[in-house]
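Following: one structure in structure tokens, then a few remarks.
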Amino acid sequence: MIWHVQNENFILDSTRIFMKAFHLLLFNGSFIFPECILIFGLILLLMIDSTSDQKDRPWFYFISSTSLVISITALLFRWREEPIISFSGNFQTNNFNEIFQFLILLCSTLCIPLSVEYIECTEMAITEFLLFILTATLGGMFLCGANDLITIFVAPECFSLCSYLLSGYTKRDLRSNEATMKYLLMGGASSSILVHGFSWLYGSSGGEIELQEIVNGLINTQMYNSPGISIALISITVGLGFKLSPAPFHQWTPDVYEGSPTPVVAFLSVTSKVAASASATRILDIPFYFSSNEWHLLLEILAILSMILGNLLAITQTSMKRMLAYSSIGQIGYVIIGIIVGDSNDGYASMITYMLFYISMNLGTFACIVLFGLRTGTDNIRDYAGLYTKDPFLALSLALCLLSLGGLPPLAGFFGKLYLFWCGWQAGLYFLVSIGLLTSVLSIYYYLKIIKLLMTGRNQEITPYVRNYRRSPLRSNNSIELSMTVCVIASTLPGISMNPILAIAQDTLF
């Protein structure tokens, strides 16, 4: 009898929860319409996979890419609408959040073509791979719009869990298994530290979880200068640091870059930084409004360490992916300058502009690495020697992307860094900008070292990998070259294209 009553109560409670969730989705679903498109794409992938055979694999790519493109279109149609807070305060829609969501969708759209030939050559499971990519994209989009502590924690966990699975997708590779284990342990530790910081923020504000309400709660409780807020700030900075991977929270990055499948590294190298930057900007700028001097100092230290250590350690690397891992650590130092500058001197606009260029530069470089790796089976920098003699298009594409990453004029990377450093200089960050300029010059050295190898024609320097280099006969080869071409063009855009990009970026500030 007691069991029967308990069972009825459980059914009633479950029904109430389901109805409440349905009610929220019914009346707030339009505010997450781009995310709903991705969810529909995920469901469609599962349905087709369960009812079809392996001959329908092109449909999987088509559905994934189409859902991403439609989601981007829906996001653009919603552009310049008034800011809206939905789902009982859990989610906020505004231009600032939407441009970061657009960047994440753009990354995913470009990464799927990079994966086609790699998946076919390595015989990986296609459906699960695309499901993880779309789910991680969904988690990143929700993180950009998250407006309360619970959503800010759950959304990156959705992204992180898919990232762990993707990094260990080649199960027979020992390096991949090692990278996944390190990534999982470091990610779990960082999430624990992040939640610890959230708990201090929650308690100090009198039990508030929405970002703006936390500020009001801190004013009411007079706890905005308390030691608890300092503990929360340090814990949250450390937790977010593992997501952004600046120095000294970068230990996992080189191993994960080297051990994970190259298309996965391309995806993680940009989407994780875009989503974490959006989240860090909102968390630090809103709840820690009264501690701006403290978190500015913390970020300045992280930026200096990242720019110096990242670029110095990149010089000594022999693996192309490890070199790009340390390069990305230096690049996040430049992005942090924009976060520190903030809204007052176009800091956010410069950060967004540089991130847009960084996406094209980085993905273009990884597209070249994927193509070279599939045709030669090597990742060693020395094995790129003489590539220009065998494949001029691939060698020139890689050279242009690397030069743009280094910030050489008149490439896009130069103008992105110029605007970012100029905003930092106007904000009085003279020392930080000086370090950024010096480390940018340093980065040019190891990029030019690779380009010199690409263009060499001396037989004694050319390895057997390039001597036996053959173009892949696979038809899907065109999809990688398409993504590569798009990224190379975007990386080499002259400065005349900066004005419309800056105007859009400046219009996204919240």
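In case you wondered, yes, glycine gets a Cβ from its N, Cα and C as well.
The following features are taken from Swiss-Prot:
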| type | residues | note |
| --- | --- | --- |
| TRANSMEM | 24-44 | transmembrane segment |
| TRANSMEM | 59-79 | transmembrane segment |
| TRANSMEM | 99-119 | transmembrane segment |
| TRANSMEM | 124-144 | transmembrane segment |
| TRANSMEM | 149-169 | transmembrane segment |
| TRANSMEM | 183-203 | transmembrane segment |
| TRANSMEM | 229-249 | transmembrane segment |
| TRANSMEM | 295-315 | transmembrane segment |
| TRANSMEM | 323-343 | transmembrane segment |
| TRANSMEM | 354-374 | transmembrane segment |
| TRANSMEM | 395-415 | transmembrane segment |
| TRANSMEM | 418-438 | transmembrane segment |
Fill in the blank from the handout: With the cut-off at Cβ under 8 Å and a gap of six or more residues from its ends, the chain residues touching the transmembrane segment (229-249) are 156, 186-187, 189-191, 193-198, 200-201, 204, 218, 223, 272-273, 275-277, 279-280, 283-284, 288, 290-291, 294-295, 298-299, 302-303, 305-306, 308-310, 328-329, 332-333, 336
Completion exercise
Sequence-distant contacts of the transmembrane segment (124-144), meaning Cβ under 8 Å and at least 6 residues beyond its ends, amount to 34-35, 38-39, 41-42, 45-46, 49, 57, 60-61, 64, 67-68, 91, 97-98, 100-101, 104-105, 108, 111-112, 115, 118, 151-152, 154-160, 162-163, 165-166, 169-170, 261, 267, 271-272, 274-276, 278-279
Handout entry: Residue numbers, six or more beyond the limits of the transmembrane segment (59-79), whose CB comes under 8 Å of its CB atoms
Key = 33-35, 37-38, 40-41, 44-45, 48-49, 52, 93, 95, 98, 101-102, 105-106, 108-109, 112-113, 116, 126-127, 130, 133-134, 137
Completion exercise
Long-range CB partners for the transmembrane segment (323-343) (under 8 A, at least six residues beyond its ends), listed in sequence order, are 244-247, 250, 253-254, 256-258, 265, 269, 273, 277, 280-281, 284-285, 296, 299-300, 302-307, 309-311, 313-314, 317, 350-352, 354-355, 358, 362, 365-366, 369, 381, 405, 417, 420-421, 423-424, 427, 429, 432-433, 436, 439-440, 443, 446, 450, 509-510
Handout entry: Contacting positions for the transmembrane segment (295-315) when only residues 6+ beyond its ends and CB under 8 Å are counted
Key = 233-234, 237, 241, 246-248, 250, 284, 288, 323, 326-334, 336-337, 339-340, 429, 432, 435-436, 439, 442-443, 445-446
